[in-house]
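The ATP binding site annotation in TrEMBL covers LYS637. The domain 'Methionyl/Leucyl tRNA synthetase' annotation in TrEMBL covers 39-170. Residues annotated as domain 'Leucyl-tRNA synthetase editing' in TrEMBL: 221-403. Taken from TrEMBL, the feature domain 'Aminoacyl-tRNA synthetase class Ia' applies to 417-575, 633-674. The domain 'Methionyl/Valyl/Leucyl/Isoleucyl-tRNA synthetase anticodon-binding' annotation in TrEMBL covers 701-820. Positions annotated as motif ''HIGH' region' by TrEMBL: 41-51. Residues or ranges marked as motif ''KMSKS' region' in TrEMBL: 634-638.
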Amino acid sequence: MTSFDPAKADGKWQAEWAGRETFRADTASERPKRYILEMFPYPSGRIHMGHVRNYTMGDVLARWRKMAGDEVLHPMGWDAFGMPAENAAMERGVHPEGWTRANIEAMRAQLQTLGLAIDWSREFATCDADYYGHEQALFLKFMEAGLVYRREAYVNWDPVDMTVLANEQVIDGKGWRSGAPVERKKLSQWFLKITQFADELLDGLGTLENWPDKVRTMQANWIGRSRGLTFRFRIEGRDEGLEVYTTRPDTMFGASFAGIAADHPLALKLAEDNAQLAAFIEECRKSGTSEADLETAEKRGFDTGLRVIHPLDETITLPVFVANFVLMDYGTGAIFGCPAHDQRDLDFARKYALPVPRVVAPEGEENAPIGEEAYTGPGKLVNSEWLTGMDVADAIAAVIEKAEAEGWGEGTTQYRLRDWGVSRQRYWGTPIPIIHCDDCGVVPVPADQLPVELPKDVDFGTPGNPLVRHPSWKQVDCPSCGGKAERETDTLDTFADSSWYFLRFASQPEDRPFDPKAIAAWLPVDQYIGGVEHAILHLLYARFWTRALAHVGMIESGLTEPFRQLFTQGMVTHETYSVTRPATDEDRRIWGWDKDPGADYITEWRSPAEIKRTDKGLIDKSTGLKVLVGRVEKMSKSKKNTVDPEPIIQRYGADAVRWFVLSDSPPERDLEWSEAGIEGASRFVGRLWRLVTAEAGTGDDEAVLKAAHRALAGVTEDLEALRFNKLVARCYELTGAIEKAKPSKSRSEAIRMLVRIVAPAMPHIAEEAWAALGGEGLVAEAAWPEADPALLVDDSVTIAVQVNGKLRDTVDAAKGAPREEIEALVMAREKIAAATEGKTVRKVIVVPDRLVNLVVA
Ligand code: ANZ
Ligand code: ZN
């Protein structure tokens, strides 16, 4: 028989599956339902190795579950709204829609070359009007239920591009595109009330046993429920009080100042007749708005001259500062500062020479001074009048109790979680379905006028949101009074689009977002797979939408958590390469080196495709310069260490690529892409094919049958636990065992078993082999074999052989074999002879059935 040609087989079987609709999911099926989903991709234009790894893992599970008898839903779609499309429009003058659609076409074609078992009939893009139209309807449902509101909030404003920037677009306080210092500006924005579900979202984490612990912890920290005290300071010489929020009321005797946010009403009032303070507030507004920005910025303050009275001891007063590290939209926008036990307060106190009294100490350190590090550990209260000697927890409770009894404060539960600001002042997103009428105010777009479609004729020539300056799009009649009104021009955060797409995959009725019956049939997603970078926002928002949809009665099946099992896969990494070359005049101009005669060399990254291997090492193809091999890092465009999957798939075939991305490391860890690795996978495809075409035989061979059933049982467990790399190892082992066996009926059976075992991972060669071996129908539809328990009883064991404690070899021996027999087996091994050559064996330690260690010198 001929050799296996992936170039022919891949296309042939992909066409066959498509033609037969092999992977179409039937909601009416009686079989157990299994929903397997990988996070849908953003259509950037080309798939990368991360996609290959992610989608291959899901695909293996989908194919295996189908063979094992489940009705599998394994869909694919496109998270198609977002900024890159608008950037392309601004930079290259292409329309975001055209750019996006072309990217989808290209990426779909690329994904299809991997042979994914996808039900393509359910494909959609979030930029399809009949997807985002339903999203608009859901938004209005939420609004009816009081889960949507509008308020003024601060945004990062780029004064040159005249646009709102996301936090990640603010780099060192400057707009990423314009480079202009970013300002904080107040804008009316739409919010979704995720905080209403804070407790549920937190407590729900406890039910997600099949989620990685680290993801649950990250979400819990993000929600950040804490018990604290809100209390009022009296301000000396004024009628009003100052309300502050603290999670550490125990440290109150360690207070040395009070701090208020730059935008705190008190600060604004004082600034009215204090120009210096007004200028300081202006300064504060110019820095970023994120918590991280404020955390890292230098602590700065302005002494207002006011003093507040300590609620536990009226003889004590504290100065009030406007401080740049106090956030307006957290707690009450005001704090008391306890420098000894809070790092931000300590940095601040050192700068403004405020006292740093210690009030909590571990035993024996009662009088230890505080250096440059605040003490946040456990201990007992010290220097705190009647609190002295109490534990932190008891002191917190005692102060809350006293405050409540005396009426100057209340115990509260606070959350770090903020309501979700969903307004984006951008074109390429779901239009928020609202109309603003001078007479009627905010009017929802009536259901029969949905979807509110994006206009196609838009102009990206000038900065700002094209929806605002479109000549006619926003002009509408008010649905309520019929008068002239205007459409909302904000679009929804694209995280809204990915918060319910998994529900739309289950059914796609025209007149509704989804069919609750289909949700009951398919949801929750049995296995969700994606990158850990989505551990917080995407997963939290999706969990929130699911609960909110249940809350408004759209989901009836009692679904609360959308993803039963979550898996976060590791990244694909690669070596980095660089060359150092003489600088050119052009470089000097770009880098502004004219005045720096010493800067004569420049170091540049090189992509794997730009270098070649020679006997003198790695050489840069274009310049012939020596290439420096750098660290292994996540594949990224900036380091140029990416490998494009497309030519690799063309050259080696889909199966080899799939096999390699499953093979080398546990799926949650990073995988280093290497040429040797893909070559090895490709050789295995060849080995498999030689087995398929090997001579058949007669007679029995229990050993090889046992090997096959052992592999089958092991692989089934590996699949259950997503241990794909172990599956690969087991298949290598079985292949080795079959290669060693003589032709027999048993060997042929083992080969047929192997073909089915590898089918989920290497579906193309498996189909080809299945057909060649006379299998019925498609292997994709064949039953997953069941291991025969009788053949699983192990009567041989694999014993590790160490030399001076280092693993050198393994030997197979009969279970319970006596020491002498094992020792004799070991001594007869070539590898052991080599490892002990010229040395004396001092001692042989035998642990029966497990291990032999030779001590040599
Ligand atoms: C006094 C204190 C003493 C505090 C101490 C901490 C340690 P979490 O746990 O994240 O909720 N805080 C309160 N409102 C703030 C705001 N608007 N901007 C900046 N910081 C604010 O943090 C609660 C703590 O953060 C509060 O407890 C308060 O400082 C500060 F040894 O009060 B603490
Ligand atoms: Zn009106």
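Using the three backbone atoms N, Cα and C, a Cβ is placed for every residue, glycine included.
Please treat TrEMBL annotations as automatic predictions, because they have not gone through curation.
Mapped onto DSSP helix, strand and coil, the motif ''HIGH' region' (41-51) counts 3 helix, 0 strand, 8 coil. Counting residues 6+ beyond its ends, the motif ''KMSKS' region' (634-638) has Cβ neighbours under 8 Å at 48-50, 571-574, 605, 670, 673 in the same chain.
A contact links the domain 'Methionyl/Valyl/Leucyl/Isoleucyl-tRNA synthetase anticodon-binding' (701-820) to the domain 'Methionyl/Leucyl tRNA synthetase' (39-170), because at least 3 Cβ pairs that are 6 or more residues apart lie under 8 A.
Among the listed stretches 39-170, 221-403, 633-674, the one sharing the most Cβ pairs under 8 Å with the domain 'Aminoacyl-tRNA synthetase class Ia' (417-575) is 39-170. When other Cβ atoms within 10 Å of the Cβ of the residue listed as 'ATP binding site' are tallied across all protein chains shown, the result is 10.
A mean pLDDT of 94 is what the model gives for the motif ''HIGH' region' (41-51). According to DSSP, the domain 'Methionyl/Leucyl tRNA synthetase' (39-170) comprises 68 helix, 20 strand, 44 coil.
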